[in-house]
Amino acid sequence: MKTFLFLFAVFFFLDPAKNAFFDEKCSRINGRCTESCLKNEELIALCQKNLKCCVTVQPCGRDKGDELDEDSGYNRTRG
């Protein structure tokens, strides 16, 4: 009986102490399940328990991989 009371007290008091590390992940670990999305987040799916899967919005622009290196010797013209 003492063990039961001890475990109950531990789980009861640790339940509110959850942080973002223990949040349920969604969208292949890029998103997080929460009740509402932040300003810079976008709703992309629904999680269990009526939660929303929110992903941080990426800024528009060119990726570094898309830019051509001028020193690479690559020319678009023939000859």
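Cβ atoms here come from the backbone N, Cα and C positions, even for glycine.
Since we're looking at a predicted model, the values are computed, not measured.
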*Determine, on the basis of Swiss-Prot, the cysteine among CYS53, CYS54 paired with CYS37 in a disulphide.*
CYS54
*Roughly how many angstrom lie between the C-alpha atoms of CYS26 (disulfide bond) and CYS33 (disulfide bond)?*
6
_Between CYS33 (disulfide bond) and CYS53 (disulfide bond): CA-CA distance (Å)_ = 5
_Please report the three-state DSSP label of CYS47 (disulfide bond)._
coil
*If H, G and I count as helix, E and B as strand, and all else as coil, what does DSSP give for CYS33 (disulfide bond)?*
strand
